[in-house]
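Visitor: This structure is in structure tokens; I'll ask about it shortly.
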């Protein structure tokens, strides 16, 4: 098989197999071809991975942050040297076009290793607090063994976004990728060992729904970081609460993108397309509710339709391809069912709406789809679809659109396009979301915090803020004189 790894798991610095685990088939979404066959972790594999992490972590934590950071920066360099190889693997794993993966996937992971490697010492600083004759100081200390649970839309990026801050803070990690995309994280683990990471600090185990609870409920696990759906997040939070584990979650969204009548229409359309069709719409922060001022609606839809229908759908390994398949047959069927709901509930189909006829019948393709005249109560406007389906809604005034944008259980992201920056700042101040863009969309450099509010999760990925979620504050009071006691 064209992408078969040496074994299913990577534990304590080497590949490990246990064929007693449930078979996981890795399928290339463009053709339906099985490209690798792996096995889910058995309870014994889970124990082996956590034991390796627990054993390796204390010595790693005793190293200076600068020394830890140096290893991560080496890993970043190796990832960049192998960007083509890693990008092709990511395309096989996910079906995303190579023109995307080569600029956005391993590259983003390398950025994460480089950023956290570079700020290792400064980012973990404590504080000095004078108290008259006495004083106190604080320091950030690692949590111990951390578990990362990844999603299937950006497998290599997520493996790095969780691994980099965890490692630089002095922790060890056991990472479980999605069973839909099991391959990329294994390569990240290999590269970390090559860069000099001591064995046992970054372990990758495959798994299904049975594996997650084994990791989350393990008494030696101190923290769980999940990227996934809201229903999965609720289950993980409930399980972790039993042992009061640290938890961060980056979950789903149904984010608003607001286009005012003074916006640059072409730029706003570009933002809306990036926020709906990039990675075939499989991005948690997508602005899938596009609110367009009624005054410019007709022109907006005219230009949007032309640009959407001009997108090239095809072989993900062809560098000209702009739209690849969905990650799986099940995801394609889910998206197609939402498209049918949109039609049935009275939305106007502007573009797309089905399976393209220019691609392999075995691939999991869906046309980039635009609905107009969408109302707030329609299913496609309220539920996360996680596919290339854009909903365009009309609005008339600022107060109205803010209220409607906030009328959702989600709070991951949002965006505003307008030439009036005063209005832009006023609006984003009132939007209930964790990550917002003005005259841009879906840009997430590692230097800035990324995360949501409401049902879209808590905690932040990236930036200095991420280190707070992989460490805890220790306070030390120092008495400088004799103790005065009343007895």
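A Cβ is built for glycine as well, from the same backbone N, Cα and C atoms used for every other residue.
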Visitor: Suppose a student reads Swiss-Prot and sees 26, 27 listed for K(+) 1. Which of 93, 105, 111 should they find annotated at that same site?
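Guide: Looking at 93, 105, 111, the one Swiss-Prot places in the K(+) 1 site next to 26, 27 is 93.
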Visitor: Tell me the Cα distance separating residue 162 (active site, charge relay system) from residue 461 (active site, charge relay system), rounded to the nearest angstrom.
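Guide: Pair distance, Cα basis, whole Å: 8 Å.
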Visitor: Would you identify the secondary structure of residue 250 (active site, proton acceptor) according to DSSP, in three states?
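Guide: Assignment for residue 250 (active site, proton acceptor) reads strand.
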Visitor: Would you count the other CB atoms within 10 A of the CB of residue 454 (K(+) 2 binding site), including those on all shown protein chains?
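Guide: There are 18 such Cβ atoms around residue 454 (K(+) 2 binding site).
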Visitor: Give the three-state DSSP assignment (helix, strand or coil) for residue 152 (NAD(+) binding site).
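Guide: DSSP assigns residue 152 (NAD(+) binding site) to coil.
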Visitor: Here are the recorded positions: 93, 179, 250, 461. Which has the lowest count of other Cβ atoms within 10 Å?
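Guide: Result for the recorded positions 93, 179, 250, 461: minimum number of other Cβ atoms within 10 Å at 179.
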